[in-house]
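**Q** Reproduced below are the annotations present in TrEMBL:
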{"type": "TRANSMEM", "residues": "A:28-58", "note": "transmembrane segment"}
{"type": "TRANSMEM", "residues": "A:78-97", "note": "transmembrane segment"}
{"type": "TRANSMEM", "residues": "A:109-130", "note": "transmembrane segment"}
{"type": "TRANSMEM", "residues": "A:136-155", "note": "transmembrane segment"}
{"type": "TRANSMEM", "residues": "A:162-180", "note": "transmembrane segment"}
{"type": "TRANSMEM", "residues": "A:215-236", "note": "transmembrane segment"}
{"type": "TRANSMEM", "residues": "A:257-279", "note": "transmembrane segment"}
{"type": "TRANSMEM", "residues": "A:299-324", "note": "transmembrane segment"}
{"type": "TRANSMEM", "residues": "A:344-366", "note": "transmembrane segment"}
């Protein structure tokens with residue numbers, strides 16, 4: 001009997017090692033939560049340092065909470081801002097899992113969104129049930145193809161994706177400026193770069209306008225939730241997802257295991273770009289109704305932060321995106337109620353990323369939040 | 001410095017709010033949504049906000065503002081002001097035209113006003129504030145043509161939209177008028193009023209672009225440059241400060257930038273004033289006195305809605321006969337004997 005119990009004990013410790021229960025929980029949940037808390041405290045110190053009095057600081061944090069969660073309109077704004085962040089963040093997270101640091105989401109958002117607009121007004125006579133999904137699809141395809149360029153360059157020549165995606169971003173900004181001035185695309189009677197409007201049949205319908213016409217939450221919410229499930233399935237249940245993760249963990253081992261590394265890179269970049277393109281499409285079809293220069297409003301860059309905060313896990317990205325959406329919506333209220341600059345929100349977001357990137361710092365500040373390491377080095 | 005001043009504005013605002021609640025009677029609130037340049041841009045948005053501040057001072061009302069970080073913020077910002085609380089909402093900038101119209105139609109009981117946009121047909125709950133900016137810019141172009149030593153002037157804009165290019169139109173026509181009168185051959189780089197093509201930074205917030213564009217124009221021989229891009233021009237002023245004003249002078253726009261950008265005050269030859277502060281205040285007062293009626297307010301040289309700022313440090317440098325000609329032209333524009341761009 002004692003043999004059996006010792007074997008059981010061994011099995012249990014082996015299982016514990018593969019499951020990595022506690023340390024993974026710390027990594028996925030505790031570090032991000034504390035990072036947010038520390039960032040908010042630092043944000044308060046920044047306000048103090050710039051001469052904002054305590055009463056105003058208190059007022060601004062109340063406004064932050066009120067503007068992100070405090071009313072139907074606040075929740076609607078939070079989710080509306082979260083939709084493109086989560087979609088683009090999912091793509092970036094998938095890329096990170098495959099070992100690809102894609103900085104190009106901004107450009108993919110722009111071109112995907114533009115494609116959705118152009119498709120929408122070109123085929124404006126199609127019925128809603130066909131036109132809206134196809135416009136979204138057009139955005140995803142163009143975003144995916146644009147990202148695949150960087151993937152193909154890496155696979156064929158070894159060009160680093162960080163460099164190529166940054167350059168592709170710059171190209172996309174100017175390409176958009178050019179496209180928006182073409183007579184076919186430019187809005188009639190305008191000299192500035194701005195596209196024609198998306199027809200009603202291509203628009204993502206608003207979900208709450210029966211309650212109040214100012215509520216902007218749109219059907220992109222369902223696209224977002226579907227994408228979370230889809231990316232989870234791709235990453236953790238599909239064969240290609242296994243190839244993504246394997247080549248992300250160890251590209252050499254993946255190649256020896258018979259995976260075509262070039263194909264994996266292009267596919268991962270393409271999927272990431274398609275999600276970013278979808279983010280752009282949902283933004284123009286659900287919120288903006290047209291394309292203009294800079295309509296992406298840094299979604300592609302903020303989404304990098306969202307993917308990092310979400311630890312490249314679909315569920316984590318969903319929560320991180322909603323948090324960032326809430327900061328955006330709440331930041332607006334903060335400015336209205338307390339007169340505190342919305343730039344402060346950017347500082348808080350940046351601080352969150354600093355603390356996410358430095359988990360050891362968070363551990364040092366909040367030692368009681370983490371399991372102590374024993375002398376042997378294994379988790380208690 | 002800008003962040004500090006921003007917070008100073010914020011705290012000043014809080015003080016004003018307190019003062020407002022003490023004097024009790026006024027529950028009137030004016031709200032403003034800025035364009036992407038920001039409330040402290042030393043020009044466009046700041047001038048419009050000054051209108052609200054003046055109204056706060058004069059009538060003890062409350063004022064709030066919301067800055068747009070990107071074009072996609074316009075609708076969201078308008079939305080977050082919609083929960084009541086604002087008696088009049090002023091949006092600042094042509095690019096906000098669509099968003100303002102949509103909000104005004106969805107909320108017919110809310111009073112709106114927009115700077116730089118006139119709706120045709122008029123929307124009953126919106127007052128558009130537009131400006132005959134080309135009149136003042138014409139004077140600036142004439143002045144610059146009289147002051148240049150290289151015979152080359154420069155201008156560039158933020159985005160190719162009418163409220164920006166109207167400055168550039170006026171400057172080119174003013175310089176051409178000077179050539180006509182004096183038989184000179186002063187050229188203006190950066191804008192062609194016939195083809196409507198020219199130099200544009202593509203944004204209203206990058207000071208680096210302002211510097212780079214001014215440098216390019218300077219390299220092409222321009223010694224007086226007029227940037228029409230909100231805070232972007234502050235970058236051009238920094239370059240002029242480094243090169244020295246013998247090499248490069250700047251013409252400010254919207255506000256008297258010698259006053260709003262005091263550290264670089266010596267580089268501004270003059271500024272083309274667009275008195276959004278007085279029209280904004282006018283709108284607020286109309287809303288307070290229940291005389292608010294949808295339509296358009298037009299600022300011209302005649303009603304001082306647009307004008308040329310004092311020369312400050314260049315006061316002694318502008319020849320008396322040039323000043324006399326400018327006065328004559330101003331009178332000519334007002335009585336209609338001089339037609340701009342004809």
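Each residue, glycine too, has its Cβ placed from N, Cα and C.
Any TrEMBL annotation is an automated prediction that lacks curation.
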**Q** Go through A:28-58, A:257-279, A:299-324 and flag the stretch with the largest number of C-beta pairs under 8 Å relative to the transmembrane segment (A:344-366).
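**A** So the stretch in question is A:28-58.
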**Q** Counting a contact as 3 or more Cβ pairs under 8 Å, with residues at least 6 apart in sequence, do the transmembrane segment (A:257-279) and the transmembrane segment (A:162-180) touch?
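**A** Checked: the transmembrane segment (A:257-279) vs the transmembrane segment (A:162-180), no contact.
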**Q** For the transmembrane segment (A:28-58), which partner among A:136-155, A:215-236, A:299-324 gives the most CB pairs under 8 Å?
**A** A:299-324
